[in-house]
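**Student:** Have a look at this one.
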Amino acid sequence: MAASAAAASAAAASAASGSPGPGEGSAGGEKRSTAPSAAASASASAAASSPAGGGAEALELLEHCGVCRERLRPEREPRLLPCLHSACSACLGPAAPAAANSSGDGGAAGDGTVVDCPVCKQQCFSKDIVENYFMRDSGSKAATDAQDANQCCTSCEDNAPATSYCVECSEPLCETCVEAHQRVKYTKDHTVRSTGPAKSRDGERTVYCNVHKHEPLVLFCESCDTLTCRDCQLNAHKDHQYQFLEDAVRNQRKLLASLVKRLGDKHATLQKSTKEVRSSIRQVSDVQKRVQVDVKMAILQIMKELNKRGRVLVNDAQKVTEGQQERLERQHWTMTKIQKHQEHILRFASWALESDNNTALLLSKKLIYFQLHRALKMIVDPVEPHGEMKFQWDLNAWTKSAEAFGKIVAERPGTNSTGPAPMAPPRAPGPLSKQGSGSSQPMEVQEGYGFGSGDDPYSSAEPHVSGVKRSRSGEGEVSGLMRKVPRVSLERLDLDLTADSQPPVFKVFPGSTTEDYNLIVIERGAAAAATGQPGTAPAGTPGAPPLAGMAIVKEEETEAAIGAPPTATEGPETKPVLMALAEGPGAEGPRLASPSGSTSSGLEVVAPEGTSAPGGGPGTLDDSATICRVCQKPGDLVMCNQCEFCFHLDCHLPALQDVPGEEWSCSLCHVLPDLKEEDGSLSLDGADSTGVVAKLSPANQRKCERVLLALFCHEPCRPLHQLATDSTFSLDQPGGTLDLTLIRARLQEKLSPPYSSPQEFAQDVGRMFKQFNKLTEDKADVQSIIGLQRFFETRMNEAFGDTKFSAVLVEPPPMSLPGAGLSSQELSGGPGDGP
């Protein structure tokens, strides 16, 4: 029995000293020498996989109390919670347990009091709170030296002060024991320091057994999963499986490093998914804002009685994307919370692996394992792709009636509707018939929100409903709200509706899946009458209302456009498309024309094939409805309510400061006031009653602008817009080039002196005609000059009454203008600088 105990003691001493046991030899030494490098590699791998966003603050949190933010020191009795956050014992309050038994052989286990973590608010039992051994050696060096000075020899029972320290045995020795240590054959080769702290080879402070006060914890009992001393292993842990400290540390570090690497890879995926969700939320918000602007541009064109009904429909349409946005918000919130938790676990585990405190690592491995396994079991749903949403509208889509304005119909392709069939005659889907297949789910009528039909003869063609519902595959009842659509402000609508016109209808065509975006269609209530379906009257027949266009709010995938014309998308990224669809004869629509090019809001304006407009042939649009009448360029245009000419704000004379109202008329159509009523004492030559020459009176200014605008819009005058070939004008020289751009600049007082009389204005125009006549030798051009002079005289006579301007249409002597030398772009306010 004694021999067996001696053998066990020798084996324990061998483990503590680090010398190779029987049969190990140099190979065992090599194995131990590679263990630190393997642990360092695993630690480096964990550090590489740890999040970079932690920074110094996250690492500082590991060494500071989560409550008082003070640095954790041994005298503050740091405690480690199961969530791997640390706090002072005093900050945790009475629920904090006393220091647990290091060897696991005794000590109070604590009660079942529930404690809230001061950092992450997770609840845990007080018995699960352990001492933070990583912070055990964080005290000042002075305190450490003072403690080492009081260390007694552990090899004898004399309690003599220790003067030396054996590195292999990790024991403080007195002078007598040092001599005995060097005489024994087994220990004579040990490294003995004359003085120094009681630390092991790795530089960490030795932890002593609570039962055997002088015995260090040098063994790891696998059966009890705890550190033991040699005496405890021979007594309380007899016949248990155990490992030497170095072997246990090496094995546990490998396991922890593997778990940290796995969690690091999963955390990287979570970070990517979180960024994608955040990006998706921003994109959904941006799409909503963009579509909201597009819808406002269309809503401003329709009639004022649509205001009341339109608000209800827009509020219903907002539910189209609401579900997806709320789901993404919840998913992002959950992912962010899990991400922060995993970041802390990774930081703590990496910090523990990088630490050289093997004892603390083994004592805390349960908590670390638990959190790593728990984090690995968390399942994060993948980010679902979202589609592209567009807004398309037809300029001539709006109707005259706001009573029973329409409805929202939800259709899901590939699903069969189990609800009652809508009480309406057969309708053709129109231009959007290929945008989705499947049945239409009628809306459920809700009390207080029905669309009353009144006396409208065509109102019975559509069910009057407002509830936004949709059916799911395999379900017989309607459930779920449509996802959110952009909000549209209708306060600026000022429209005139008549009771004998058919209201438009709102329809929602959902995507192919539950997550796809939906399609909202605004069409005339009687549009089915012109589609040529059996049972309906074709367009143009008696009793059939005219076919109207459609305004479409469109949400679709980027590369799978639903029903968009070939010109509506270019490249992989689609733009919002403003479609100008044709309307039947007699239909009236809004007057804001933006037919081609790009508008200020980024809308791409296209004209689908086969469409026509008043004044144009089949498949084409009239030039007056596509480009500016003055500069012949597209862009943001305003349309005259009478002549239907389109102008840029700067091209019109006088220049427009803001977008005019619906009933706006250009200067060519505007009725000018009587000269005598406005001018008073001013005569046609611009002189007042005192004889002092002044600039044009307001009435004469308006008349000259009207005549000049007529010249700009007159097609034969197109070559006269800018005759100057140089970059600057040179009117101060005889024969200087003169064109409509310069005349416009002087009329708008961009050149001085401005015109003081209509006669002076007429002289400049006549001089321009003569200069152009000198530049050409073609007889046709000469005849056109004569025709232009007659056109100008006619316009002047119409504006100024019976006054004859033939006498002043002669070339006056050259005049030097202070504005000479200005570039044409500085002088031109319209033809050359349209939007």
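Every residue, even glycine, has its Cβ placed from backbone N, Cα and C.
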**Student:** Would you please say which range out of 65-121, 521-577, 692-748 has the annotation zinc finger in Swiss-Prot?
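**Tutor:** Going through 65-121, 521-577, 692-748 one by one, Swiss-Prot gives zinc finger for 65-121.
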**Student:** Could you check which of 204-245, 330-371 is flagged in Swiss-Prot as zinc finger?
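**Tutor:** Going through 204-245, 330-371 one by one, Swiss-Prot flags 204-245 as zinc finger.
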**Student:** Considering the residues S126, S155, S489, S624, which is the one that Swiss-Prot annotates as phosphoserine?
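**Tutor:** Among S126, S155, S489, S624, the one Swiss-Prot marks as phosphoserine is S489.
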**Student:** Which residue, out of the modified residues S697, S784, shows the minimum number of other Cβ atoms inside 10 Å of its Cβ in this structure?
**Tutor:** S784
**Student:** Mean pLDDT over the region 'Interaction with MAGEC2' (247-376): what is the value?
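**Tutor:** Taking every residue in the region 'Interaction with MAGEC2' (247-376) and averaging pLDDT yields 83.
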**Student:** Quick one: what's DSSP say for S697 (phosphoserine), helix, strand or coil?
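**Tutor:** Coil, per DSSP.
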**Student:** Taking only the modified residues K266, S697, S784, which one has a CA atom nearest to the CA atom of K770 (N6-acetyllysine)?
**Tutor:** S784
**Student:** Just to verify: the residue among K266, K770, K774 with the fewest other Cβ atoms within 10 Å, which of the modified residues is it?
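**Tutor:** Looking at the modified residues K266, K770, K774, the Cβ with the fewest others within 10 Å is that of K774.
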**Student:** Report the DSSP secondary-structure composition of the region 'Interaction with MAGEC2' (247-376) as helix, strand and coil residue counts.
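**Tutor:** Tallied per class, the region 'Interaction with MAGEC2' (247-376) gives 120 helix, 0 strand, 10 coil.
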